[in-house]
């Protein structure tokens, strides 16, 4: 019997090969999913490691050692930092750097700042010596080139440094000498090569300091650090992960080692601090892998179902073509196992052969994709990817047997019928079960809020299959009416093509398969394109601009002045600062130089025009009062203050040239008319008045009194900041609380009424901005539209535009004008998280230009690099499997189409040849052959496109296309129509070519047989 089965296979070797290829695709699909997940896991890890920040690739253990001079006898025992080295043995593969530092004074002109005396192992290898040389002996120093230029020091100059400690007294903050002075020698100056390289750790050696510029430690040798007297030392060991540690196959060992090291460091005492960004990096890798494990099965399941369906269809088609052979076997009275083997053996041999080859093909296919998409990562050579191959092979064999169930169980009379029996109740029940499962899976998705677990994971697959089966059910009546109409209108070729589809039970299943093929490809296109658009939004809108530079500590007006000096016409740069956090009810906010908003920022889709929003954020306003010199003068008359309840007068000023902000104390208010003066050095380039403050001395309550402001100006030169008419006009001023303003013939009258006291100043401010301040917002505003201003005080706002999202902040945030917000702030403090946003037209040397204006760039974020990082994360990598699944689905559909045509070919050749002999025209025959499957493909493409879009609408929102914790951005939920149409059109083109090729082959066979018959 085996020989007979093999002879049957050889006789119909074309069908056997096609069926084997379908089995190859079925098992390859089952192997490809876990194999791809293994490759994606490695690629996710490699991508995250490659794009990690320097602080995420290392660790640091630090401690403060006991003082060398003046130690407190009651202090706890010093930390034995040498014990840390033993703990590091437990985590090999890191390159460790020892560092030691302490503050010293003596070369800076003010005790407000101290020099950082630093020994760092191997430091000269990471510096560029500009003049002189690196330290080679005790007592030698290496200064930063900017520090040396600022202090007028050169190699060879002697200096005296003294170990210092910080004075915590708020009245006199700064450093005080706390050790014996030491005479040292400057032997060279340096510039750092790359302040962001992992070698420098997280110590912030080069962080800028307001008034001094970039931070530049004083580097020296360990011998100098040890010999110089100092009150205490901060020591650290920084570890940089080597390539072996970050191997994608050893990340589990790395996490375990980090945990052990943390426990060991904790046992060394509270004085030892252990910090590392590696757990965060490993968590990101795990999150990316988890997202990939949810996305890959979404199309792996429908792909396997489609493969089994295609085998079921192909074997069923073949069995119908061999019914006469099976009838002969049944007539001979063969035993049931003989009949079973002869009926199924041909298909089982082909499917089993294909299944064995599919195990290899699936792994090789993933290897090829991984080599192309994840170069340099490699693929795990283990056998774990084959764990689902036996199940897929069993499913393929079961589908082959189930497809021949009717031929095995039917009587001879049924097998001898030329027209097959229509599908019975069992098939209808099976289809109903699929539809019910699809509905239940969809309901679970909705109830579980999109959780891809349990039956919900199979929802896309079941819905695609259910819609395809329902559409196939509707095919026969539609095609029958269409064919009958064509026949009545005298188009026999078209009618014959339609009747071929309507009278063949297998045509319905073939149509369902083709619909599912197009549906899988269309659904994959929806996911891939939606995710790609989401990554663009996350990279562009999430970054804020094409490039964003973090800036070191700087005053707000200094930031504005520097950026405007670099970009005078507002073509490529914009100053940005954050609004302080105001609690859970106040959204995060940005203060931007709004006239530059349209040129620089990435603007959300669906928002009002950016130029219109910018204009409304910064409407015209009065010019602010300006002091033209450094000697500030305020003339005021004070009356009505009770004894023991005195007030202090101050003014908040901002240097217009960017030198900084300051709150100037003018002294206690004295009864009667007085002139209050103070020299303010930062006002050398003119100062803007932000407010006039009145603060109580002490904690007295119920403070009342009257202050009349007569003049505001300078005495050297003698100028007036506010003309008398404007000063007397209370409409030009505002006082938010603790008093009122009225006009007075002598000036501006301030009636103070502070029942709760004035521990915080009552401010009188010029009305030189819109009030309340205009704000554009995404998400709800807090009650009363009360924001938190730059000075951390309440900031009344009026909404002028609602946005889908604020650049950088997302769907919950506010946007105000930076200069106007700075004018109403009276804190004289540094900008919060200052940044410079740049578009793609910024010059290459922009960092140098900003540095020349006194700004220190501490971070550089680029939308393009963010896009690359997102493309290396789990969701983006997993979606390449969707592309692979779409390609395999097309091959399955094309293979089933070829096999169906091959099975039908013999009977159709006989039928249409007979009709040709009876007078059917060649053109009608051509249409009957060429358009039968072409029509099926066209209809399946249209229905499959609708199915793909419908299933995406029902389940697409559940896919973690942006990871398990997506950013708070308006990510797109739908793909571009063109992308889906292009994908479905490509599938249709492939299937259409296959249909035309089979049709032409059929037509040629008919014509050949017709000619031979006539000649015979």
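Heads up, the Cβ atoms here are built off N, Cα and C, so glycines get one too.
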Annotated stretch (transmembrane segment, per TrEMBL) among the listed ranges 381-406, 459-484, 537-562: 459-484
Per TrEMBL, the range holding transmembrane segment, considering 840-869, 930-959: 930-959
From 427-447, 574-594, 595-615, the residue range that TrEMBL assigns the feature transmembrane segment: 427-447
Transmembrane segment per TrEMBL - which of 253-273, 274-294, 505-525, 631-651: 505-525
Recorded stretch that, among 427-447, 459-484, 930-959, has the most CB pairs under 8 Å to the transmembrane segment (295-319): 459-484
For the transmembrane segment (459-484): best-contacting stretch of 427-447, 505-525, 879-903, 979-999, by Cβ pairs under 8 Å: 505-525
Non-local residues, at least 6 beyond the ends, that sit with Cβ under 8 Å of the transmembrane segment (879-903): 14-15, 18-19, 21-22, 25-26, 28-29, 32-33, 36, 40, 295-296, 298-300, 302-303, 306-307, 310, 313-314, 317-318, 320-321, 365-366, 369, 373, 506, 510, 513-514, 516-518, 520-521, 523-525, 527-528, 531, 933, 937, 961, 983, 987, 990-991, 994-995, 998-999, 1001-1002
Chain residues outside the transmembrane segment (979-999) and at least six past its termini with a C-beta under 8 angstroms from it: 514, 517-518, 521-522, 524-526, 528-529, 886, 889-890, 893-894, 897-898, 901-902, 905, 929-934, 936-938, 940-941, 944-945, 948-949
Folded-back contacts onto the transmembrane segment (427-447), same chain, C-beta under 8 angstroms, at least six residues removed: 454-456, 458-459, 462-463, 465-466, 469-470, 473, 954-955, 958
Arithmetic mean of per-residue pLDDT over the domain 'ABC3 transporter permease C-terminal' (300-403): 69
